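To start, the structure under review is shown below, and the notes come after it.
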Amino acid sequence: MARSLLIGAQQMGSAVCRLLNGQGLAASLSQLRHASSHAENTNKFLREALNRLDYPEKLQNLLLTPRREMSVELVVQMDDGQIEVFNAYRVQHNNARGPYKGGLRYHPQVDLDDVRSLASLMTWKTAVMDIPYGGAKGGVTVDPRKLSERELEKMTRKLVVAIKEIIGTYEDIPAPDMNTDAKVMAWFFDEYSKYKGFSPGVVTGKPVYLHGSLGREAATGRGTTFAIRELLKAMHMGKLGDQKYVIQGFGNVGAWAAQLLWEAGGKVVAVSDVAGAIANENGLDIGALRRHMSSGKTLASFPDGAPLRKEDILAFPCDVLIPAAIGGVIGPDMAAKLQCKVVVEAANGPTTPEGDLVLRDRGITVLPDIYTNGGGVTVSFFEWVQNLQNFKWEEEDVNRKLDRKMTDAFTALWTVHREMAVPLRTAAFVVALQRVTRAEVHRGFD
Ligand SMILES: NC(=O)C1=CN([C@@H]2O[C@H](COP(=O)(O)OP(=O)(O)OC[C@H]3O[C@@H](n4cnc5c(N)ncnc54)[C@H](O)[C@@H]3O)[C@@H](O)[C@H]2O)C=CC1
Ligand SMILES: O=C(O)CCC(=O)C(=O)O
């Protein structure tokens, strides 16, 4: 059995595979329309890769489903004395390759299905990046903009208390994701340490002065620029500085990617956040935009950018489109409108299976999330190693090691893309599935 798991690569010919290879686009889309949940969408992509591998059905099911899901209610007394209850989740998808690993998201749209999908993506991401972790994700259904800092801290500490028995330095290691940052990770580390003793390695993305790593804050954006550099090279499209970029989302990932692409000489012609969008055909001055925003002003009020409807950001003409905000933004209708050569998925799950089909049909290359944004968790791994060593690495060292990881991972997925003649997303899942399955099989099932 192990042999067929490891080297088998026969096509199994399921519905998804047939429709992606043979049928017309309209027929394919009508079959895919049933897939609406986030978790099911992720599994659709995964199944397409599984169809290339000769795995027994029971093993496939094991890879498709999470190992543990925890739902809790966080009861918090707000500043005005009222009691609020927040729903929170931690989903542990797979730990065959190492401790569960994945961020914590605070967002009003968080639900169990969303977290399940994001946890699965983490399993495949850590495998693509070849770092010794499994995959998990956590989230709280909350709009953090409506909470005071004190309320946010209380809620975070309640979360730690609720999930502390299933996380740990060698068990499950959370990190930042949307609307969570180094400050939230510091509260997390502090609260966990109260119960379990000093534990800097229980969470990554901490402040640099509090056992965090140099380079972690910029890592996902920096990794994204390394990923684009490798893709451009492989596609003979020139250099980072030769391209026009559009970026949706100007938070941690989007703003760092914009900064580094701009520093490399690229033209960032349009950017957006949750509240608005701006454009400048000659390229925005990203340094000035970041200074503008750090003085408390909105992105949309930046004087050197023309206002743009934020709904129009993704279809703005460019060479490289970088969704760096929420999931599910490129469905079939939006995919039909894009005016770019490549989509580089810095966000998790920005393209739906239906959107993906339209992009393939249009010849638009997609660099998938499980590779593109893997720089964040890679430097989280470096932070964890530094915590275990109790030793701080130089920032140059972190960035050099990150570059190496992104470059090696690209080589692995590009090789499968060429050899199996599959899209880059399927190639990334094939690479990840082979690594996770190898670990599952060699650990055994007793
Ligand atoms: N922070 C990290 O290290 C990593 C983040 N990611 C993914 O990258 C994406 C962005 O994460 P972060 O930058 O950390 O979050 P963030 O909270 O720092 O920034 C999110 C940005 O997206 C914008 N946004 C939110 N909803 C939007 C909407 N409906 N339309 C347009 N813009 C919207 C926000 O205004 C903000 O500019 C997420 O999908 C996250 O899962 C992936 C890997 C690691
Ligand atoms: O840094 C990490 O551990 C995980 C970041 C994350 O949540 C992600 O890559 O989606």
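Keep in mind that glycine also has a Cβ here, set from the backbone N, Cα and C atoms.
The feature active site, proton donor is assigned by TrEMBL to K137. Sequence-distant contacts (6 or more apart, same chain, Cβ under 8 Å) of K137 (active site, proton donor) comprise R90, V91, H93, G102, G103, L104, R105, V115, L118, A119, L121, M122, D177.
Annotated substrate binding site per TrEMBL: K101, K125, S380, in sequence order. Residue environment of K101 (substrate binding site) contains 29 other Cβ atoms, counted within 10 Å of its Cβ in all protein chains.
Here TrEMBL flags T220, N252 as NAD(+) binding site. Cβ neighbours within 10 Å of T220 (NAD(+) binding site), excluding its own Cβ and spanning all shown chains: 28.
According to TrEMBL, the feature site 'Important for catalysis' maps to D177. A coil conformation is recorded for D177 (site 'Important for catalysis') in the three-state DSSP classification, outside any helix or strand.
The binding-site residues listed here are N252, S380; among them, S380 has the most other Cβ atoms within 10 Å of its own Cβ.
Only T220 of the binding-site residues listed as K101, K125, T220, S380 bring a Cβ under 6 Å of any atom of ligand 1; the order follows the sequence. Highlighted here are the recorded positions (K101, D177, T220, N252, S380) whose C-beta falls below 6 Å from ligand 2: K101, D177, S380, in sequence order. With the fewest other Cβ atoms inside 10 Å of its Cβ, the least crowded of the recorded positions K125, D177 in this structure is D177. In this entry, K101, K125, S380 make up the residues listed for substrate, with the farthest two CA atoms of the set 13 Å from each other. Residues G102, G103, M122, T126, M129, I131, Y133, G135, A175, G374, G376, V377, T378, F381 surround the recorded substrate site, their Cβ atoms falling within 8 Å of the Cβ centroid of K101, K125, S380, which are themselves excluded.
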